[in-house]
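What TrEMBL says about this one:
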type	residues	note
REPEAT	18-100	repeat 'Solcar'
REPEAT	107-213	repeat 'Solcar'
REPEAT	223-305	repeat 'Solcar'
Amino acid sequence: MQQKGAIQIIEWEDLDKRKFYSLGVFMTLTTRATVYPASVIRTRLQVQKGKSLYSGTFDAFCKILRTEGVRGLYRGFMVNTLTLIAGQGYITTYELVRKYVNQYSPSNTVKSVVAGGMASLVAQTITVPIDIVSQHLMMQGQGEHLTRFKAKPKVGLATTKHKLSFGQSRDITVQIFSADGFRGFYRGYVASLLTYIPNSALWWPFYHFYAEQLSLLAPSECPHLILQAVAGPMAAVTASTITNPMDVVRARVQVEGRTSVIGTFKQLLVEEGAYGLTKGLSARVISSTPTSVLIVVGYETLKRLSLRADLIESRHW
């Protein structure tokens, strides 16, 4: 166990791995279900040209809810749940790399940057093919004219109203493979790495930094979990703002089928100016803020619940 200011950090060797993984799946699924609508809104805002469909985050939320119902806010969610595998890969990589880097540097910032970046690399390698399919599903409905692939309409019976995305997922998957082959499922992979590796590498050190600073300002009796719950969103807003331009490029590369990250970036600047680099930022912040609270509270609670039995009595929060 290490100290970061007044905040105690539970390291990999302190955990009961069986508890850690079983509780971790539930935590990840709950978090994704909570923030998924914001991901749908963010994707549609980033892909649209100018303000052709939605004028902003709230407008997109109202229009999707009015014309497509709650189901419209969860398009592609069933497919996206497969990223639970990536979530477990992420936290495992993060904790193991922290442990490895500790042999060379005791600095928590160094450990957080390296582990966060490596964890994101592993997670994105698993996630990108799932994201490709789920993002095309997100664009169905009002945004289907902005995507290359469209789910085939179901005729007869009541499937149009009640069947969720399994049939549509198959349609989209087949169309992607027919058009682009296996490479189509890794379109935008480089853009994803350029977005999420820096985002993850920035989030963790900023999270620990803000938690440390808050611990110095807060009363000594203030629970550490509250300080961490505040530090998480602060870190998320910081990291999201810095990496949002590449996130816009990533979404366009993946949904519009572009091949050049640099070309997409240049075209975005020419067509929409600097404003284009901020598209979806508010939706991303709205998504990342509660996500960070849930992740921090959930993850820190998860680690405390997964603490090895022989260490429970010796830890005080």
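Placement of Cβ uses the backbone N, Cα and C atoms for every residue, glycine included.
In TrEMBL, annotation is done automatically, which means it is predicted and not curated.
Summed and averaged per residue, pLDDT over the repeat 'Solcar' (107-213) gives 82.
Taking DSSP states H, G and I as helix and E and B as strand, the repeat 'Solcar' (223-305) has 76 helix, 0 strand, 7 coil. Counting residues per DSSP class in helix, strand and coil order gives 87 helix, 0 strand, 20 coil for the repeat 'Solcar' (107-213).
Residue counts for the repeat 'Solcar' (18-100) under DSSP, helix first, then strand, then coil, are 70 helix, 0 strand, 13 coil.
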